[in-house]
Amino acid sequence: MALVGRSWLLLVGFILFYVIYLLFGALIFSTIERPMEDKLRHDMEVLKKEFLNQSCVSAASLENFLLKVLAANKYGVFVIRNTSATSNWDLASSMFFANTLVTTVGYGHSTPLSDTGKAFSIFYALLGVPFTMLVLTACVQRLLYPLVLAPVTLLQRSGLEPRPATAVHFVLLLFLVVLCFFVVPAAIFTRLEESWSFLDGIYFCFISLCTIGLGDFVPGMQPEQKYRTLYLGAVMVYLFLGLMMMYLLLRTFHKMSDVHGLTTMLQLPRCEDSDQDEDREPIVDHGESPQRQTEKGASNHLEPGSQVSYNTINRG
């Protein structure tokens, strides 16, 4: 009974902290962005008055024109470069849109214009989103052994205790992910996108790989961009690999929490509750002969679901 009460208290604590975190973010964003918005609003009012004073266009006509321009801009049609811009719905752009749809990144830089397109997007995402998650999960499962289990085993064999070994491995994996999927791509985007700074590149990578997809920065949208089709294809590959590595990083953190006892302390489900029996076995059983270990390892590769789990690491 006490365990159930503690679990509910933790849940209430998490919810309260979540609400407080949202309020904190709202206050910070409002403090930073509100003055910029007010300045931009004032500048637009001044620009509008100057334009009306220098032309014979009425305020009502101007506002009607601007409303239509903004409505077109919402669907990715830009008046200032519409004559030279490529279509938002050519094959490469459409595939890029489909990729952002099923990965739930959803930049919103282009959206379906027709009711038919909107209806198809619903059914397409209904099948595509879970299938994409399935493919990502299958890929991560294949990467768990070479990128997680094997390195932790090597660290343990080098003399580290299980808990330090998992912590060191997580820090190293985090460093590699940040370097290969944030810093290096940001530098590349900075070179390919003329108006992007390095911070803009980092911001885009983070917003994309966290599937936030605000849409204020979208690659390949410059007019007359060279090799645009190849560029968009490379971005799609980057998004898939990046999401896969983010998922792997989350799985690794969850498994490390199991080893350190954090999931038990916070009354959270273990990463592999189904492997409770296997969880009590060490990766290397020193009590078995080398021949027996070889035979056991060979049989593990033949039997589905019998491969070594991260939870087999002793907690020490």
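Each Cβ is built from the backbone N, Cα and C atoms, and glycine gets one as well.
According to TrEMBL, the features are:
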COMPBIAS  281-295  compositional bias 'Basic and acidic residues'
COMPBIAS  306-316  compositional bias 'Polar residues'
DOMAIN    75-143  domain 'Potassium channel'
DOMAIN    178-253  domain 'Potassium channel'
CARBOHYD  ASN82  N-linked glycosylation site
REGION    273-316  region 'Disordered'
TRANSMEM  6-30  transmembrane segment
TRANSMEM  122-145  transmembrane segment
TRANSMEM  165-189  transmembrane segment
TRANSMEM  201-218  transmembrane segment
TRANSMEM  230-250  transmembrane segment
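Here the domain 'Potassium channel' (178-253) has, by DSSP, the following mix of helix, strand and coil residues: 53 helix, 0 strand, 23 coil.
Assigned with DSSP, the residues of the domain 'Potassium channel' (75-143) fall into helix, strand and coil as follows: 44 helix, 0 strand, 25 coil.
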